[in-house]
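Trainee: Sharing the features that Swiss-Prot gives for it:
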type     : residues  : note
BINDING  : H83, H182 : heme b b562 binding site
BINDING  : H97, H196 : heme b b566 binding site
BINDING  : H201      : ubiquinone binding site
TRANSMEM : 33-53     : transmembrane segment
TRANSMEM : 77-98     : transmembrane segment
TRANSMEM : 113-133   : transmembrane segment
TRANSMEM : 178-198   : transmembrane segment
TRANSMEM : 226-246   : transmembrane segment
TRANSMEM : 288-308   : transmembrane segment
TRANSMEM : 320-340   : transmembrane segment
TRANSMEM : 347-367   : transmembrane segment
Amino acid sequence: MINIRKSHPLMKIVNNAFIDLPAPSNISSWWNFGSLLGICLILQILTGLFLAMHYTSDTTTAFSSVTHICRDVNYGWIIRYMHANGASMFFICLYMHVGRGMYYGSYTFLETWNIGVILLFTVMATAFMGYVLPWGQMSFWGATVITNLLSAIPYIGTSLVEWIWGGFSVDKATLTRFFAFHFILPFIITALAMVHLLFLHETGSNNPTGISSNMDKIPFHPYYTIKDILGALLLILTLMLLVLFAPDLLGDPDNYTPANPLNTPPHIKPEWYFLFAYAILRSIPNKLGGVLALVLSILILILMPLLHVSKQRSMMFRPLSQCLFWILAADLLTLTWIGGQPVEHPYIIIGQLASIMYFLIILVLMPVTSMIENNFLKR
C-alpha cells in the first residue's frame, strides 16, 4: 500500500515541500535563513494575535493598553517583548537571507527573487506600522516624518498624505488604519511566502558553488530538517536572551513617553533595522531626491539579475567580487550607525560618502569587477 504522505492530497503537498524534496547535498548554514524566517513569521503572528486581544487602537488608550498588557495580563510582558524583539530577529534573518542570495547568485531565479523583493517591502511596511501602535513619542513622530515624505511626490503629494492620515495630522484615524493594516499584512506575507516557496521548488535550491546539483541530490528529511532544527534552536536562544535579559536594548527610550504632538523629540529615528535606509534618505538635501534614494536603496535589488555579467553564478570562486561584497556589508553597517546619529558635522559627510559608496558598489563596481574576473578565465 502506498504511504499516506504520498497519496493524501494535503499530505502530498507537505511531503513534496518538506520531506521528500530533493535538495543539493552541499548547501551550507546560509541556507537555514529561509526556514528561520518562516519560524519568525509564525512567532510574530501568534504573539501579535495575543497582543491584539488586549490592545486598543485609540489615541487616548493605545499607550495605556500596552502598559496594561505588560503589567496586568498574564505573561503579557513576555509576549510584548517577544513580539518587539522578534521583529529584530526577523530583520536580521531577512538581511542575511538577501545577502546570501546576492553572494551566491540566487537572484538568477527571477520569479523567486522578485517575489522575495516584494516580500521585503511588505515586511518593512508591516514593521513600520507596528512601530506606530504603542503610541509613544517615537511612534507618533516616526509616523509623522515617514508619512510626510510622500508629500514630496509632485502634484498629488499633499492630498496623498492627508488621505493616508485620514485628516490633517497623524491622529486617531491614522492609528486605527495602521492597526488594521498591521493585522492583515502578516497573512498576506504568509501567502506571498508560499508563492516564493512554490517558485523556488520549480527550479530547486541553488548551492554554494552555483553549479547545477541535479546529479547530486539528497532528501530534505532527515538531513536538512535536523539542520533547520539546530538553526531554530539558536534563533530562539538568541531571541530569549534578548527578551529576558535586555528587552529594551534595541528599542528607543523616547517610546516610553506617551505621544505628544506639541513636543518634538531631539532625535527622530526609526527602529535600528531601517537606519541604513534612513541614513540614505537624510544624506540628500533635496526632499524628493531623498525619497527616491530611499526607495531605490531597496528597489535596487530588482536590478541584481540585470547587473550580473559574470560567467560564474556564485562569488565562491571570485575573490575580487568577494572583497567588494564585504565592503558593501561594512558600508551598510556604517549607514546603520550614521542613521542613528544627529545631523551634524562629521556624520553628514560620512553618511553622504557611505550612500554614494552603496550605489557605486552595486551599480558600477560589481559589474566592472565581474568583467575583470571574466578576463582572468581567458588566460
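Each Cβ is built from the backbone N, Cα and C atoms, and glycine gets one as well.
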Trainee: Taking pairs 6 or more apart in sequence, does the count of Cβ pairs under 8 Å between the transmembrane segment (347-367) and the transmembrane segment (288-308) hit 3 or more?
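Mentor: When sequence-distant Cβ pairs are counted, the transmembrane segment (288-308) touches the transmembrane segment (347-367), since at least 3 lie under 8 Å.
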Trainee: With an 8 Å cut-off on Cβ pairs and a sequence gap of 6 or more, do the transmembrane segment (113-133) and the transmembrane segment (320-340) reach 3 or more such pairs?
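Mentor: Contact between the transmembrane segment (320-340) and the transmembrane segment (113-133): absent, because fewer than 3 Cβ pairs are under 8 Å.
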Trainee: Near H97 (heme b b566 binding site), which residues of its own chain have a C-beta under 8 A away, given they sit six or more steps off in sequence?
Mentor: F33, G34, L37, G116
Trainee: Using a 10 Å cut-off, grab the number of neighbouring Cβ atoms around the Cβ of H83 (heme b b562 binding site), all chains included.
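Mentor: So the number of other Cβ atoms within 10 Å of H83 (heme b b562 binding site) is 21.
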Trainee: By Cβ distance under 8 Å, which residues at least 6 away from the ends of the transmembrane segment (77-98) in the same chain are close to it?
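Mentor: Same-chain contacts beyond the flanks: 30, 33-34, 36-37, 40-41, 43-44, 47-48, 50-51, 66, 69-71, 116, 120, 123, 127, 130, 235, 238-239, 242-244, 247, 250-251, 271-273, 301.
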Trainee: Hey, what's the Cβ neighbour count for H201 (ubiquinone binding site) at 10 Å?
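Mentor: Excluding its own Cβ, the number within 10 Å is 14.
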Trainee: Distance between H196 (heme b b566 binding site) and H83 (heme b b562 binding site) at the Cα atoms, whole Å?
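Mentor: With the alpha carbons as reference points, the distance is 24 Å.
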Trainee: What is the separation, in Å, between the Cα atoms of H83 (heme b b562 binding site) and H201 (ubiquinone binding site)?
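Mentor: If we compare the Cα positions of H83 (heme b b562 binding site) and H201 (ubiquinone binding site), the gap is 30 Å.
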